[in-house]
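One structure below.
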Amino acid sequence: MNSTLLRTTAVRSALRAAAPKASTRAGLAGTTFVRGKATLPDLPYDYGALEPSISGKIMELHHKNHHNTYVTSYNNFTEQMAEAEHKSDIAAKIALQPLINFHGGGHLNHSLFWENLAPTSQGGGEPPSGPLAQAINDGYGSLDAMKEKFNTALAGIQGSGWAWLVQDTQTGNVMIQTYANQDPVVGRFRPILGIDAWEHAYYLQYQNRKAEYFKAIWDVINWKAAGKRFK
Amino acid sequence: MRGSSGVAATFWSFLSISSSVLALEQQPFQFEAMSVPTYTLPPLPYAYDALEPHISAQIMELHHGKHHQTYITNLNAALKSQAEAVHAADITTQVALQQGIKFNAGGHINHSLFWQNLAPASSVDAKSSAAPKLLKQIQATWGDEAKFKEAFNAALLGIQGSGWGWLIKVETGKEQRLAIVTTKDQDPVVGKGEVPIFGVDMWEHAYYLQYLNGKAAYVQNIWNVINWKTAEERFLGTRADAFKVLKASI
Ligand SMILES: [Fe+2]
Ligand SMILES: [Fe+2]
């Protein structure tokens, strides 16, 4: 697995499931196995398992098509980056950076997203407990107050992007941040819980009524997974 | 209004203007009434299903009736808040409102231009022969129409996230050139000397119900419904002409 993918333990754990599949899938496809390639992680639940909050059709397209495109594009541009590196082509390397940020970010974000969702039968929507619950109460007064602010942040995204509950690694506090397009949560902030606000995440079911999607998704939030990311 | 004959008439009545706008212009210092321009949704110059099969009626109806309307509703609210902040000499609120005004006004401007630069595939306006002078400069710039479309499509598909692709004319003194530009989210084409000729909406809401993640097919098919007659008019006109439709309601 590519070391650049392993910047946080949260990301590592989200991507872990995908690692052993690399050789199998590549082998089945008849291509040469290349060490360190990103692969599409399996969903930890069925496509239809998040209904009625998120339809099975959305989940299938979102995972199998959108996420997979980020994976293949990321691998493609990473390969080009290695080539540019080999040739010491600085201009090419710089030109590839936004593409790697976008497609690599798309891969990271979606990998974390699938993991921080769960069907209600598997604990989806059950409120957080332990240190994360404490941190949310300390920062926002209550879980409901945090959700309300989170939904306001989601609604305020102008264009495509994500809203995240993040942990500030300097202070340990949790806070809500929005990120444009596929900008990943890296650096000072640790991703705890992400919600995809791209139109492809809800349009087939909710069309322009995105506030309904933002409201419904809390029923399938996997707070247990989010809690494991919190340090 | 249907078909090509309606386009010119629609051009002038495109954005309705509330009487309060004129009142504000005539009496700019009478803030008591707190009158601000109220923008309203321009009617489409064709029916919702007129762009089928390339853009479905369902997409058009949601896109025009809901998405475009929301930009206008939010723009009107932001402009009202801005007028109040100006009246109260509240400069921090005015600054805080700017991004929302840019986004929602951009959404209104972009979609208004977009509806006009589309036409039913069966109409003569949807043939590039309706834009002889523009086509000549396209050929001079990109070699031929096919190469231009290829470059335009590549630009559209290279957009990361939501945004638009535009063919623009850039006027620099007596010189003018054509360029393909992309803008993020709802940023409008309002740079110095820039005249938008036609735009393509690359937000997912513009194609998702019909094309799902297959945006390359949307980008291919949109060429069947580009209104080259409008494009020629914008190309031959001035920057002020292109925006006349919007300026009328300021
Ligand atoms: Fe997504
Ligand atoms: Fe749009």
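Any Cβ shown, glycine's included, is placed from N, Cα and C.
Same-chain residues at least 6 positions away in sequence with a Cβ under 8 Å from that of A:His110 (Mn(2+) binding site) are, in sequence order, A:His62, A:His63, A:His66, A:His67, A:Tyr70, A:Asp196. Taken from TrEMBL, the feature Mn(2+) binding site covers A:His62, A:His110, A:Asp196, A:His200.
Taken from TrEMBL, the feature domain 'Manganese/iron superoxide dismutase N-terminal' covers A:39-118.
The feature domain 'Manganese/iron superoxide dismutase C-terminal' is assigned by TrEMBL to A:128-228.
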Under 8 Å by Cβ from A:His200 (Mn(2+) binding site), same chain, sequence gap 6 or more: A:Ile58, A:Leu61, A:His62, A:His66
Chain-mates of A:His62, A:His110, A:Asp196, A:His200 with C-beta within 8 Å of site centroid, Mn(2+): A:His63, A:His66, A:His67, A:Phe113, A:Trp198, A:Ala201
Three-state composition of the domain 'Manganese/iron superoxide dismutase N-terminal' (A:39-118), taking helix and strand from DSSP: 61 helix, 1 strand, 18 coil
